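In Swiss-Prot this protein carries:
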{"type": "BINDING", "residues": "141, 163, 164, 165, 166, 167, 168, 169, 170, 171, 172, 288", "note": "ATP binding site"}
{"type": "BINDING", "residues": "411, 412, 413, 418, 419, 420, 421, 422, 423, 424, 462", "note": "acetyl-CoA binding site"}
{"type": "DOMAIN", "residues": "332-490", "note": "domain 'N-acetyltransferase'"}
């Protein structure tokens, strides 16, 4: 049985022991590794630092009968200490995190883990050497190895919690199929497939997902391949959809309870979008540790991954709802949900007090004029204010940062209650509640940002939101362009939204994404090449400040169309054939347009 020990100080280490010390941000390099013990050092110069994702990764590396030591001074008051990790998820501000650490402490007590200044057992010794493990497949793995190749389904989804041998199984399956089929492999990270390749003991061609899509689009790869997708839920859904609908047979593996937040909503969403026969296979038997391992159970409850336990508090219930209804819900989301500043929640329950749906929102705007102008000029990028800053930069709308707004970060409805109007009613109730609660200083607008699909665009339009921006490129996390929509509340907000819509629609036909999204948007757009005052303001910020090419794309395009012969330096921006030294080229572009600024 594995152990977790909380230590208040770092004890002396025996001679001959070499510790491999790494920053929390590099924890992913330990995925797939196994150790008899590990140290997780929470100490920080200004308090503590607890990266939940890194902690979950390290838990998964501890072998049976191994120990994870958590170094935490003043454990008795940990919930009162400043957690420096909050800088990542709390708008750049470190804060105390009482709600999360109360949750943490409750579970330490529940599972009876040791909290001490000195461990009862001898501390870290030189690890014993173990003979190399021979691969022995469990009955579950053997069953899949025998039955999956004979099953006629076109899509096979292998799911399991961590440490169940998915990658080993996938490697053996790939080896079997390679005897008669052309087998290829893809994954979110090439580093994650080493276990598959080691088990397969043959060379399986690997392609990054975007490379594979490019080969499909240029007709350089046949559909007559068998594709393995490792940790499929880490890959954006639109990419999975294209891959899953192209190759003749696809085998996906993914972790159901994962530090990366793959979410239980993954299978629901993927299967709906794949119009092919599908079969699911599951692994339950842990290989790295024993059944009912306390450390695994503790971590699952810490990350709110246990479906069988009914959450006691509203935050935990809401997190479960997000995990069920959304594609990705991460450990960082959990930390933010428990303790981040500037958050707002609105939920609705049925008569049995079951959480039906909820909105998670954050406050934005009300920044000073000096800061707003610095953001517009490209000189400042403070954390937070996602939509407000984007509209200020990409939309050339400085006032977006100064007005008072609320951004709907997440909206979720229980999967069995979707498409019944509950989400729309929730949005209506939330907006009425926000207006009522902000009478002293009225809200100017409510915003939302989401991966643009026809379904979601229709939903938000039906609820009165107006489209004001679309990201020029697809977001790596979702695989979609992100849309930003606003609902005006105050008179000032109405004037602002009217202006934002007008500018967006004026620029739309010149945007690089317009041909792709034209049918989805259903907005009649005409090319308008004549410069106006907003364009000149935009170009002044590009030429004499630090506004980016993306921020000024349409204004630069209008200027280029009018003065093409004199501004050949701008051509790469519109042909997407950039010079090798882009930094030098960018500065040359800034200088080149200065004579044209009015």
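Glycine too: its Cβ is placed from the backbone N, Cα and C atoms.
In this structure, the C-alpha atom of residue 141 (ATP binding site) lies 35 angstrom from that of residue 413 (acetyl-CoA binding site). Note on residue 141 (ATP binding site): other Cβ atoms within 10 Å of its Cβ, all shown chains, come to 23. Contacts of residue 462 (acetyl-CoA binding site) defined by a Cβ separation under 8 A and a same-chain sequence distance of 6+ are given as 424, in order along the sequence. Comment: ATP site residues 141, 163, 164, 165, 166, 167, 168, 169, 170, 171, 172, 288; largest CA to CA distance 18 Å, whole number. Secondary structure at residue 141 (ATP binding site), taken from DSSP and collapsed to helix, strand or coil, is helix. Comparing local CB density within 10 A for the binding-site residues 164, 166, 172, the maximum falls on 166. Ranked by Cα separation from residue 168 (ATP binding site), the binding-site residues 413, 419, 423 are led by 413. In the structure shown, across all protein chains, 423 is the one of the binding-site residues 421, 423 with the greatest number of other Cβ atoms within 10 Å. If you average pLDDT over the domain 'N-acetyltransferase' (332-490) in this model, you get 93. The DSSP secondary structure for residue 411 (acetyl-CoA binding site) is strand. Taking the Cα atom of each, residue 423 (acetyl-CoA binding site) and residue 166 (ATP binding site) are about 36 angstrom apart.
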